Amino acid sequence: MSLVFAINGQRFELELSSVDPSTTLLEFLRYQTTFKSVKLSCGEGGCGACVVLLSKYDPIQQNVEDFTVSSCLTLLCSVNRCSITTSEGLGNSRDGFHSIHNRFSGFHASQCGFCTPGMSVSLFSALLDSDKSKASAFTVVEAEKAVSGNLCRCTGYRPIVDACKSFACDVDIEDLGFNSFCKKGDCLPRFDSEKRVCTFPEFLKDEIKSMESGVYKWCSPESVEELKRLLEGFKANGDGVSIKLVAGNTGTGYYKDEREKSYDKYIDLTRIPEMKEIRESHSGVEIGAVVTISKVIAALKEVKVKMFGKLAVHMEKIAARFIRNFGSIGGNLVMAQRRQFPSDMATILLAAGALVNTMSLSRGIEKQTLEEFLEGSPLEAHDLVLSIEIPFPRCETSSELRFETYRAAPRPQGSALAYLNAAFLAQVKDTMVVSCRLAFGAYGTKHAIRCKEAEEYLCGKVITEKVLHEAVTILGKNIVPQDGTSNPAYRSSLAGGFLFEFLRSLITQTKDKPSNGYHCDPQKPLPVLSSSQIVPIHNEYHPVGQPVTKSGASLQASGEAVYVDDIPAPANCLYGAFIYSKKPYARIKGIGFKESSVPDGVLAVISCKDIPKSGENIGLKFSLGTEPLFAEEFTNSVGHCIALVVADTQRHADAAANLAVVEYETEDLEPPILTLEDAVKKQSFFEIFPFLYPQQVGDTSKGMAEAEHRLLSSEIRLGSQYFFYMETQTALAVPDEDNSMVVYSSCQMPQYVHTTVATCLGIPENNVRVITRRVGGGFGGKAVKAIPVATACALAAHKLQRPVRTYVNRKTDMIMTGGRHPMKITYTVGFKSTGKITALELEILIDAGATLGLSVMMPSNVIGALKKYNWGALSFDVKLCKTNLLSKAIMRGPGDVQGTYIAEAIIENVASSLSLEADTIRKINLHTYESLALFYKDSAGEPHEYTLPSMWDKLGVSSKFEERVSVVREFNESNIWRKRGISRVPITYPVNMYATPGRVSVLSDGTIVVEVGGIELGQGLWTKVKQMTSYVLGSLQCDGSEELLEKIRVVQSDTLSMVQGNFTGGSTTSQGSCSAVRLCCETLVKRLKPLIERSDGPMSWNKLISQAYAQSVNLSASDLYAPGQTSSQYLNYGVAVSEVEVDLVTGQTTVLQTDILYDCGKSLNPAVDLGQIEGSFVQGLGFFMLEEYITDSEGLVVTDSTWTYKIPTIDTIPRQFNVEMLNSGCNEKRVLSSKASGEPPLLLAASVHCATREAVKEARKQLRIWKGEDGPGSTFQLPVPATMPVVKELCGLDIVESYLVWKLSVNSR
């Protein structure tokens, strides 16, 4: 029997018996085809990078069904007789890009580009659905939903949403963000169904009619009876036959251990008609177990019963669309029953009174209530669910049925497991509950349950505050998470809050204002994203300063842009996976494997013992020191690299690494240092070189003496943040002739990879060549942390004399790469009654981890950002703590983001102690130019460059700050259950310029090749370099020189071609690279100018180059830009106003609006810089509000997947996102008067955190009234990140109970 399918119109046929049934579609696409647009990022179905369009043909209905699926979870065998369309199948550089690709490019919606192909396919699918559906058109609401499950770490999502909205039928063209179409006057054509891609080729339709069946390792029975015979036959052969029943296979995204299990038989259930039907009868709706969740949603929306519509709405928040399209309703319930999956489906169907039909070989076909099913023994491997029945609810004539579902999750629109979900069905007569069913789940329980004690209590009761209080109390005793569940008290509090929301409208005695903001109807959906951009464009240095679309953006969208893992594997290529320490400090006794047998495909385990005699065990070498590649005798932290296991495939290598067993010994060893306090106690610190230690300012003892108030020894703690680049760490090393090595590395520091590899292998540096074309997101994580990855591959390739590559899986990447530096800050601040601060003293402990790395930068960065306010006098004691925790890396805005937050926390504490507004304290303590120069010395620049005070006032006016403060105050007075906050925050961000090389060469046909030391990470470096090249060469004023930009190509970084490449980071590499290229082009202009001067008249560019070649003019120039002392440092300024709304029942914070004013100088490319501003801000939003980086007691990261680590998504960014770029005029010391934009705006996200604190402060004030507490209340600190549990706890976990007690007291007076 053959497995036949199509990919982008090409036919593929495989012998089914030769296919490993566990092979995923993604593995086949990436390793056995030329199609590379499908990216591996998380491998869990949690990011959307691997999304493809899957099309099925129904020969009876003669129609094609198209839907997106996550190819990393979809089994190859399940696409038999299906067609797959990837992004390059929509369009490409050879056949012409699809309008979607052009739209992503034109709306500047692709930065690193790694996520863009998946985004493109998701949008295409949504457009296709709307085009096929005569009932609904593609609206702006659908546009936002189209990519709501796809993750992006670069753009901040706003331009992506605008690109999607540009296809909507109801879009207001004025509401579309900054783009290249409107400027040109181009129209934005709608999605044209007549020209759409053929998703299902005709030849495949004929294959459908001749499908075979047979018993292979992969079986596809076509009836329940055939399935039963198969199962009976396999069972008769004995217990030795392992079986996996397959529907969508999406469960392996959560239960990753399933992927490593090998089964004898895979049984595909999706071809059994009885199991994929939906039938409506007089008593209810029966749904086949393998019906996908998406189809269930569509069917329930058609049922004319309100409850079914509400079930459908809740189901839309289960996972992402591309998971719902393939994941089945039965599979979801089986996971809940068999493996305690925290299912939403089980909870809402439990409340709806669902029934489950199961088939067991021992018991036959049975019908059970869902409650009985969930409470039963876990299903055996041969048992399965056939169908689910949802009965129509019955209600007495004089009664009313009420049904609602609830969930509290980090992401409002789904793609996140709930902290708790609930569903309630009640029969109500007037204000009395006749009967009810209360279901709760996902709160740390084995399965969804009904709280029968509360149900029995409520039945027959007229709902009053007293009754409701008692019911909430009962829930508090029953809804108790199991030991070990995170945030247990928060989860329990949600149950009472949701019941309160459900029943509150029945209370007749209420005297609340009608506008109290809380009602029994479901919450309103989030408003559609809206935005505005004010972007200055200047023509002084044309095309520099123009919003040119990012170089290669369409290639990225189509998936043709090549990243390291896209490079075709060389012949005999091997694959590596890291074995890392699971002990913080231990002696390594040996390395083996479980069951003492070498796993399949393993060829070698490379460790420190394999270092060549002439080499060194070095994984990082730079001017400040070295770090080992592999642990030698001892491990220094959890996540410390011990070895690299090398196998014939990446899957085998990953599986072997998971099976590795490291024997440890801790006898006679000192206890590991696992906290900052331990480090202080043991005086475990790294030395901070004096030239890297920041300078104190003024005399703090004098400042403290002048103070009228003091806050003594206040404490702040800050945690870490993971990079979450979409492309994980990856490298490919290829041995070359004469004992040399070529390394392809996804890194920000190729020069340091080069020297490290050479030192490790013990070979001359001219025998090593490191090539980096582009990086799928870096954020600092591809700087130091990429070096040992590339070095390990090079060592293995050197040892085995075969190419070796690795693509580190997401979990290992999260465990081994570390993240942002945690800190503990203790401060004493003195200030006057006006709020003017006179002195600040700080003690800062920074967790550098087990090795130093680039942590030496941290002290100056922290203090540099903190100095944005005039503290009067400033003193500090900063220590870099050496611990047995994973070494930290320099993540975007390293130290600066912590520094700016420390400053804001101090300001808010001062404001709170004086009962003044924080905004007032901020303004009082802004620098004058004189104090700025005192704090920042030469970096302060000239007086006219200090734009922050005027920006503060300008944004206050443009954002209507004072007016909105009044509106927020009024809102809070009239709303009990929602509170708002608004905050305005400034930033000052010092940056440094670094030496950067460049080369420009003109070829004989007039085209131009440019090389620079900087790496394209998505920040638009290549684009700006092309613009600078065009500007300088255009000064020759040849005919047609305006077309020069199209003749320029920037090529990959090659360390043998471009020496002294330094590193890409610090936000100034684009400027440095442009400066280097400018020097090169000026040299070429000097060489070419005499030819023009000798010509009789105007000369075209091509003619000029032809003459230059004929006269042997050197048309290749290289140079090194080295900034002078006065031009190497400058300050960046920005201000942001953010307004938030907090739901006091759940702790959910919605960012209603953010207004940013950012000083870009004279932007080299305003479109690129705008993208950097928005993307950086949203990454900061993740740090301050969402991203919990949690480790266990020994330092092992436990938030190690997309299931547990939540970066921002479309539904968590500001609903109104306004950005204005300030053109602050000329400055000869900067590159064409430009300023950095990559990192500074990240700090502005502190405004969201500060606004949230304001909202929480209002909630706490209200709670004190309810509890009868007098006085201003205690000061509080809002931790970072301010997640839902954190916010709810500060607002009061008992807020509902307190309100009800207060109401009872008020009513009794």
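Counting starts with 1 at the first residue shown.
Cβ coordinates are placed from backbone N, Cα and C, and glycine is handled just like the others.
Over in TrEMBL, the protein carries these features:
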type: DOMAIN; residues: 1-90; note: domain '2Fe-2S ferredoxin-type'
type: BINDING; residues: CYS42, CYS47, CYS50, CYS72; note: [2Fe-2S] cluster 1 binding site
type: BINDING; residues: CYS112, CYS115, CYS152, CYS154; note: [2Fe-2S] cluster 2 binding site
type: DOMAIN; residues: 211-395; note: domain 'FAD-binding PCMH-type'
type: BINDING; residues: SER328, ILE329, GLY330, GLY331, ASN332, ASP344, ARG407; note: FAD binding site
type: BINDING; residues: GLN748, PHE779, ARG892, GLY1066; note: Mo-molybdopterin binding site
type: ACT_SITE; residues: GLU1239; note: active site, proton acceptor
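Secondary structure by DSSP for the domain '2Fe-2S ferredoxin-type' (1-90): 19 helix, 33 strand, 38 coil. A gap of 36 Å separates the Cα atoms of CYS112 ([2Fe-2S] cluster 2 binding site) and GLY331 (FAD binding site). Around the Cβ of ILE329 (FAD binding site), the same chain contributes ILE287, ALA289, VAL291, THR292, ILE293, VAL296, MET345, ILE388, each under 8 angstroms and 6 or more positions distant in sequence.
Put simply, CYS152 is the one of the binding-site residues CYS152, SER328, GLY330, ARG407, GLN748 whose Cα lies nearest to the Cα of CYS42 ([2Fe-2S] cluster 1 binding site). On the backbone, the CA of ASN332 (FAD binding site) and the CA of GLY1066 (Mo-molybdopterin binding site) stand 46 Å apart. Surrounding the centroid of the Cβ atoms of CYS42, CYS47, CYS50, CYS72, where the record places [2Fe-2S] cluster 1, the chain contributes additional residues within 8 Å, namely LEU26, LYS39, LEU40, SER41, GLY43, GLU44, GLY45, GLY46, GLY48, ALA49, SER70, THR1202. Of all the binding-site residues in the list CYS47, CYS50, GLY330, GLY331, ASP344, the shortest Cα-Cα distance to CYS152 ([2Fe-2S] cluster 2 binding site) is found for CYS47. Looking at ARG407 (FAD binding site) and CYS50 ([2Fe-2S] cluster 1 binding site), their Cα atoms lie 28 Å from each other.
Once the Cα atoms of SER328, ILE329, GLY330, GLY331, ASN332, ASP344, ARG407, the listed binders of FAD, are compared pairwise, the greatest separation found is 21 Å.
Cα of GLU1239 (active site, proton acceptor) to Cα of ARG892 (Mo-molybdopterin binding site): a span of 6 Å. On the 0 to 100 pLDDT scale, the model's mean across the domain 'FAD-binding PCMH-type' (211-395) is 93. Neighbours of the [2Fe-2S] cluster 2 site: apart from CYS112, CYS115, CYS152, CYS154, residues of the same chain with C-beta atoms within 8 angstroms of the site's C-beta centroid are SER110, GLN111, GLY113, PHE114, THR116, LEU151, ARG153, THR155, MET726, GLY776, GLY777, GLY1018, GLY1175.
For CYS50 ([2Fe-2S] cluster 1 binding site), the binding-site residues whose C-alpha atoms fall inside a 10 Å radius of its own C-alpha are CYS115, out of CYS115, GLN748, PHE779.
SER328 (FAD binding site) has a Cβ environment of 29 other Cβ atoms inside 10 Å.
Across the structure, GLN748 (Mo-molybdopterin binding site) and GLY330 (FAD binding site) are spaced 46 Å apart at their Cα atoms. Neighbouring residues of the recorded Mo-molybdopterin site, listed in sequence order and excluding GLN748, PHE779, ARG892, GLY1066, comprise GLY778, GLY780, GLY781, ALA783, ILE890, MET891, PRO894, LEU1017, THR1064, GLY1065, SER1067, GLY1238, GLU1239 (Cβ within 8 Å of the Cβ centroid).
Comparing the Cα of ARG892 (Mo-molybdopterin binding site) with the Cα of every entry in CYS154, GLY331, ASP344, these being the binding-site residues, the smallest distance points to CYS154. CYS154 ([2Fe-2S] cluster 2 binding site) sits 13 Å from CYS47 ([2Fe-2S] cluster 1 binding site), counting Cα to Cα.
Of all the binding-site residues in the record (CYS47, CYS72, CYS115, PHE779), the one with the smallest CA separation from GLY330 (FAD binding site) is CYS72. Spacing of CYS72 ([2Fe-2S] cluster 1 binding site) relative to CYS115 ([2Fe-2S] cluster 2 binding site) is 14 Å (Cα to Cα, whole number).
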